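A quick write-up on the structure given underneath.
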Amino acid sequence: MAKEKYDRSKPHLNIGTIGHVDHGKTTLTAAITKVMADAGYSEASAFDQIDNAPEEKERGITINSSHVEYSTEKRHYAHVDCPGHADYVKNMVTGAAQMDGAILVVAATDGPMPQTREHILLGRQVGIPRIVVFLNKVDLVDDEELLELVEMEVRDLLSFYEYDGDNGPVISGSALGALEGDEKWSKTVLELMEAVDTWIELPERDVDKAFLMPIEDVFSITGRGTVATGRIETGVANTGDPIEIIGMGAGKLTSTITGVEMFRKILDRGEAGDNVGILLRGIEKSQISRGMVITKPGSVTPHAKFKAEVYILKKEEGGRHTPFHNNYRPQFYVRTTDVTGTISLPDGVEMVMPGDNLTITVELIQAIAMNQGLRFAIREGGRTVGAGQVTEILD
């Protein structure tokens, strides 16, 4: 049977709901899918489908998160919702769910709470460019002045963390009301999505950068050759393009792309963000393995020394029970593989406690394909003890 093509007619964005526990993030996520389904754009996802978030492992860290998809008139969205606060912290630092923008949910009954602040700060640290606010549960607040006060507080908080608190949209509504089909509240969700469509800009996609895909798995298909699977990090893979395969400090291989597949469908091309299988001409399965990267020839250089912003897991999150000191030597899990490296702490920092967030310098024992913004996990004996991203390359 001929494979159908994947529809790319609407621009795609990754967003997520953030905010304090029990402020209505999951209810809002379900309400958006319902309202958009009623408008004829996509299918609904039920609350318990979203709330029953599966565990995922990203860079060895266990994260619970639910992914739903829906469309508006203008765009197609992949939306991530996390049940627990620690899941958000880990999700954002590891880049498990790369967000192009976020919907901050604040219950009008409570106003901004500690996690509201933490999520905004995290959004700033990991580079979420814009935030739209949904003031939830306004059906439970009779006092108009109280609503205005809460909105002012949220705007001040956004401005404090260098978001545009003055001009950013704040939509008031009731996620539960919309989920229950009350037209008055469904309209507020439509209004929210219009705000998301206009305020959250289409990111400058990584499509324009040079092609790079870390290899996750390798198969050989009888009669067709070797297929490498993975998520395209940057650029575009076209059938017929020449490529290089760069190993860990090893020599490089050259080949040509003979086909690209996604969701069991044939594509003319794969682009940044797509999970694809790439058919490689003249490459034996034994020559390539997980941890190598496929790139546009000459586009990536290997590096071993860099500065990074890191989060060290707490004991309760499965991290270390004790602090570590200068010259600590863990493994760095980068893209799809581990490399040993030595950590140098900033001047004046004697030790790092579980739960800390700081800037460190790292020197790896072998150079790997590296770029600024590259994310990694820090591991010790197969156990993840931290996560971070490269902020500056030093060699």
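Glycine residues also receive a Cβ, built from the backbone N, Cα and C atoms like all the rest.
Small disclaimer: the values here were computed from a predicted structure and weren't measured.
The domain 'tr-type G' annotation in Swiss-Prot covers 10-204.
DSSP labels the residues of the region 'G1' (19-26) in these numbers: 2 helix, 1 strand, 5 coil. The region 'G1' feature in Swiss-Prot is assigned to 19-26.
Residues or ranges marked as GTP binding site by Swiss-Prot on the basis of sequence analysis: 19-26, 81-85, 136-139. A sphere of 10 angstroms centred on the C-beta of V138 (GTP binding site) encloses 22 other C-beta atoms.
Summarising the annotation, Swiss-Prot assigns Mg(2+) binding site to T26 and lists sequence analysis as the type of evidence. A simple way to gauge crowding: the CB of T26 (Mg(2+) binding site) has 22 other CB atoms within 10 angstroms, across all the protein chains here.
Positions annotated as region 'G2' by Swiss-Prot, on the basis of similarity to another entry: 60-64.
As annotated by Swiss-Prot, region 'G3' applies to 81-84.
Residues 23-24, 27-28, 105-109, 147, 172-177, 185 of the same chain lie 6 or more positions beyond the ends of the region 'G4' (136-139) yet place their CB under 8 Å from a CB of it. According to Swiss-Prot, the feature region 'G4' maps to 136-139, an assignment based on similarity to another entry.
When the C-alpha distances from T26 (Mg(2+) binding site) to the binding-site residues G19, C82, V138 are tabulated, the minimum falls on C82. Here K25 (GTP binding site) comes close to T17, I18, G19, D81, C82, V105: these same-chain residues lie at least six apart in sequence, with C-beta atoms under 8 angstroms from its C-beta. A C-beta separation below 8 Å, combined with a sequence spacing of at least six in one chain, links D22 (GTP binding site) to A107.
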